Each structure stands twice: as C-alpha cells, then as structure tokens.
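Below: one structure, written as structure tokens.
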Amino acid sequence: MMAQYSSILTVIGLICVLFSFTTNATKQNNSQIYIVHCEFPNGERTAKYQDLESWYLSFLPATTSDSSHEAPRLIYSYRNVLTGFAAKLSQEDVKEMEKMEGFVSARPQQFLNLHTTHSVNFMGLQQNMGFWKDSNYGKGVIIGVLDTGILPDHPSFSDVGMPPPPAKWKGVCESNFTNKCNKKLIGARSYQLGSGSPIDGNGHGTHTASTAAGAFVKGANVNGNANGTAVGVAPLAHIAIYKVCDNNGKCSDSDILAAMDSAIDDGVDVLSMSLGGGPVPFHSDNIALGAYSATERGILVSCSAGNSGPSSFSAGNTAPWILTVGASTTDRKIKVTVTLGNTEEFEGESAYRPQISDSTYFTLYDAAKSIGDPSKTPYCKPGSLTDPAIKGKIVICYRGVVSNVVKGQAVKDAGGVGMIAINLPQDGVTKSADAHVLPALEVSAADGIRILAYTNSISNPIAAITSQGTIIGDENAPIVASFSSRGPNKPSPGILKPDIIGPGVNILAAWPTSVDDNKKTKSTFNIISGTSMSCPHLSGVAALLKSTHPNWSPSAIKSAIMTTAYTLNLASSPILDERLRPADIFAIGAGHVNPSRANDPGLVYDTPSEDYLPYLCGLRYTNAQVGSLLRRKVNCLEVKSIPEAQLNYPSFSIFGLGSTPQTYTRTVTNVGDVASSYKVEIASPIGVAVKVEPTELNFSELNQKLTYQVTFSKTTSSSKVVLVEGFLKWTSTRHSVRSPIAVVLV
C-alpha cells in the first residue's frame, strides 16, 4: 500500500507540524498515526529536493526509548494535498522530533463519520430530453467517490453503452480488483481502514456511487415499493472508488488525505465526499485542506453538510471552496397509515410491504412500560424489551439511538407484531421509509403525542397498520430534512452555508445485499436518508455541468448551481422546514438545486485561487496555518487582507451589521448571451437598506467581467440580535441570477 502512494517529492530543511491520530494505545503498543505537515525552508521546492521518501524515512527516529513501542513506520507520503506524510509514531518518537529545529506544534487528529428511482425526475431530469440529453448524461466526466467501497457486480455499475475513460485518466484498480473494473467503474483503491479491498461491506459507498452516476436499471424497488428504473444523476459518467471508511462507517483523516492525494493525480473531475466531522477552523480541517488543493487543480469537491440538524452552527465541510450540500425531501412518499380504535388515522412511511393486504387490529403497547422509568425514553434498543406482555402487540417506540430497522428487529424478537416509531420533537415531520422486518411506520412528533394519549387513556387500546404503497405528488415538497445540518458557518460566518439543498430523504439506490426480510425477492436496492444522499445528487449535477462546460472552474460550476436554485415548493409557497414553517436561509442556503437552469445561468461568480490568501489572512489565521492550507510560505503582514463577505461568492452573509454600513464588491462573468443587459432587483431584509451600484450591467462579449458594489445599512434602532434575509437578483431578457442575503443585525 505504501509503495503505491510514496513515490513523491521530498523536502529537506522541514518546518513540521504534527497532527496525532488518536487511537487507543495498549500496554503492548502505544504507537499512533501522526500526520506530519512540512514546509520548505524558503517556501519553494528546489531541484535538489527530489527524492522525498528517503528523507521522510530518515526523518523518523531510528529507535524508540521503550521496547513496547512499535518501530516508527511511514504510512503515506503526500504530494498534492499537503507537503508532508503520515507515519506511525510513539509519544517518545514525537518528543524526539520536537527537539528538531523548526518543529511548530502537535494537535490530535480525529476520526470522521459517514454523514434512485424518482429523485432525478424530481430534479427535472427526463430521459432523451432537455439538459440530461444536452449534457450527454455526463459522458467523459470522472467522479471520484470517497466512501466505504463498492459492490462492483451490481447492475448499476454495468458499462453497457459506456465509452472508454478519457485519455487523462491515470488511476488504477488494485491488483486484487482488476477484473472487477470496467468502463463504468474505472478505478478502485483501498486504504488502511479499507482492509485491503475496495469491496463495500457497509452499503453506504455503493448507494452514494450509484446515486451520483449509476447506470439505468429497470425494475428497481424495495419490497415492491418505489418501483421504477433506478439511475444516477450522471449515468454516463465514470466512477473511481476510494475506500477510506471501514464497515462501521469510521473514516480516518490520514486515509482521506491519501485518497484525495491519489485522486488529484488520477485525473478525477469531481470528488464526492459524504463524510466529515463537526465545524472546525479550516486550518485544522483535513478535508478542507485536501479540497483546497483539489479545487486549485480544477476539481470540484462536493461534500455533505452533516446530519446534526436542526441545531444552528452545525454545518460541516463549510470552506468556501467546497460545495456544501443539505438534504430535502422529494414529492414521493411510501405511505403507511395507522388507524386507532377510536377511528383516528395517522400517516407515516415505511418500505415494509406485506404480501397480502392486512388491516387487522392489535393491542397497542407503550415500550415505556418495559423500562419501568417514566423519565427515560423508550428507544427499543436490542435487549431492552423484556416484558412478556409485548407478544402479539404493536409496540410504540421513539426514534433515536439505534436505527428504526434495529428497533423493529428488537420488537420482532420480543414477540411484537408491529411497531410505531415516534419522532422526537426536533425531528418534526421528517420520516424515514425504512425496509422494516415487520409492519411498522414512523410518524411525526405531533402525531405521536396523540397516539400515546389514546394508548394511555383506555385499558385495551388497539390499532391497525395498513400499507398504502408509493404515492407521488406531495405539494409541500421539497421540505428541509430535520437532520440536515444548518448554518451559520461557524468557522467563517461571513460565508453562507450550506450552499444548496438536494434530495436526501428516502432515496432509493444500489445496495450490496437484499433487504427483503422474506428473501423471496432478490432486491439489491435500499432506501436510506441523510445528507450523504444529497451530496452525490449534487456531485452528479456538477458532472453534467462539467460535461457541457468543460472549461468552467469549480467556482463557476458552484455559482451556476447556486444562483439558479429555487426557493418555492410545488405549491408555489416558500420551502418549509421539518416544523412545516418557512425554512430560513441557514437551512436552505441558495435554495433547492435546479439542474436544467444551472446549465444556462447567464452570469457566474468566479473565485480565483489567489483570492483565498487575503480571505484566509482576514480570518486572522497565523502564517503557518494559512501556509499549511495553501502549501506555501506566506506572510499575512504583506497581504491586504479582506473581510469574509468580500470574497467573490454567489451569496452574502453579513454576520453582525450594526450602526456602521458595510460595503462589498462582487465580480460577475458573462457566460450567457454575447450582448446582454442585466438590471438589479433587490429584496431588502427587514431593517436593512441594500444599495447596489451600478444598477445595470451591460455586457458586449462572452467571458467579460463586470464589478458591482453593495452597501448594507441598518435602518432599525433595535439592538436585538436577529437574523433577517433577502436577495438581490440580476435579470436580463433570458436570465435571472439570484444571490441570497443573510444579515445578522446587532
């Protein structure tokens, strides 16, 4: 493994920053993996620093002071994502390295976690029509997927009708996987936690890869639900798999960096990463670090925002050079109802489908009785349902702690015949259509209160669970998922995040094994939810745009996606959140992706790489911190730093507007009509005056750039801290270019 990644340029005269990889040390071996950040002595590599691996090896301590420690060992040599390497070292080894001239600091590294038959149609993509046809379904584009691996024999990864990979492709299929690759799956690598094989033992990677670029597969369904033709967003794009997570969904920073390092060399066009940690400063975020290097090389990096919603400041992967994706529903439901003995009926969702229609009434059982402590929430964890009275009853549980499918299995093991999973208050109306092992459904928090009120009001409460099948046409769609992480952007409040939302609730895609409990079908699809599902939707859209606009930069593609997004649902009302209230700007960002409009945005906000230096210096990072991100020596004292909101971004986030007006500039590039005129339309946030100069932009050629200035002034005397939002929109005869505005008044 090391030999595949260690053929790299080296550095003599290193100034090193070590990041420790926290693992459980044992008495026999307390060595850990450290990521070593290095800097060239004069900020530049010279000709004499060519054979880096020999230097890296000599940099490691030759011996350890304690025979119980494993000898120092080089794991990865990085070339693209950072100047440095990963090595297995003991604390004593690190202490020896601390004595070396140029050592800066050491900080612990963390493990990160993993965060369709209809969703492509919901996004407006129709076979042999419009944007899908015009983009040739992503032909010639390579999507790199960092995840849990892949099941290569799944029909979603068939290469029928696929062209060979483009000549620029330099990636490989590992030796034990070569015969599994084809013209669709063109690369497969496995890293430390991958245990030597790209095979997916979890399902997550297979699901995300097929969502981004799976082939057309007819008759896809889960237990007969959501039946149709499964297809990825960019079905003619190529897939390269980088297995960086184990079967439990645990992913290490050193593996992720090694995979990104390889992907840059391999020639991918889009990196899709449905994983991450919490919001941390960008200089301490290895995904942000690797993504910067990828973006600099023209690779768009699409990442999930995280599943920590609806809490504020919970969004991860929020660096401005990353496309940060939140999750929303589609207009498809897999409807199940529960009818109580008092005739009240409540709607839920479930992918369980009985072989025959059955609306038999059974006695209800509140799982709280099994706990015996009314202050504790009955999550129905395995082994917790010990009351013999459960047998033959429908059990009421709460969502959380373990998956609903695991709860259902616990109920079944205890003799229950059905389950109602009640959302916690923060879950609202977001419901999972899980492939249950018995008749079950998930209901909203409000409906759960009424079900429990009935259950506890009489001596023999009864209910019947009835499957209604697949229903399409929810006029409230899209609704922001409760779990979708929210802004403000904690590491950089002046950059609005998430950028966009896309389908991420109850998404049907490829799965390694059958989820049919009766094993009477060979269904190899599953329905799961998460921003992990919305991320590959946007990765696929980015691939389509890259196919039609091969010369667009990652920031131009991101801008096109953001400025053409929509903010109204199918009922032409504002997009709602899990409480069925209008979703705020920190939940939806620019809005819901609209692929067809993104293909012809009119204007784009392009962010040159050189703009990030004054931006990062403006965040008051140290020279070493900025240098580790940019992979070169910097001196912020020599840089005219800019405030965050001055970055040429497609949205505005004014985090703290007081009595002093704030003015920012933006530069737009004409990618629409050669001769075009745009006039500004302003929807000012309440309590804020927004002035734009000039009010008209006149273009006379393609790729022409024009700059405008925006001044934000507080018009209210209130001193309360409050979020207000609006937008500015540049409109021509053919195009509408919308930038959302978030203002926090102080």
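Each Cβ is built from the backbone N, Cα and C atoms, and glycine gets one as well.
Automated prediction, rather than curation, is the source of TrEMBL annotations.
The following features are taken from TrEMBL:
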- 1-25: signal peptide (SIGNAL)
- 34-115: domain 'Inhibitor I9' (DOMAIN)
- 138-567: domain 'Peptidase S8/S53' (DOMAIN)
- Asp147: active site, charge relay system (ACT_SITE)
- His204: active site, charge relay system (ACT_SITE)
- 380-450: domain 'PA' (DOMAIN)
- Ser532: active site, charge relay system (ACT_SITE)
- 646-743: domain 'Subtilisin-like protease fibronectin type-III' (DOMAIN)
Using Cα coordinates, what distance in whole Å links His204 (active site, charge relay system) and Asp147 (active site, charge relay system)?
7
Which chain-mates of Ser532 (active site, charge relay system) that are at least 6 residues away have a CB under 8 A from its CB, listed by sequence?
Leu114, His115, His204, His207, Thr208, Ser274, Leu275, Ser304, Asn307, Gly504
Excluding its own, the Cβ atoms lying within 10 Å of the Cβ of His204 (active site, charge relay system) add up to 25
As a quick check of your reading of DSSP, tell me how many residues in the domain 'Subtilisin-like protease fibronectin type-III' (646-743) are helical, how many are strand and how many are coil.
1 helix, 61 strand, 36 coil
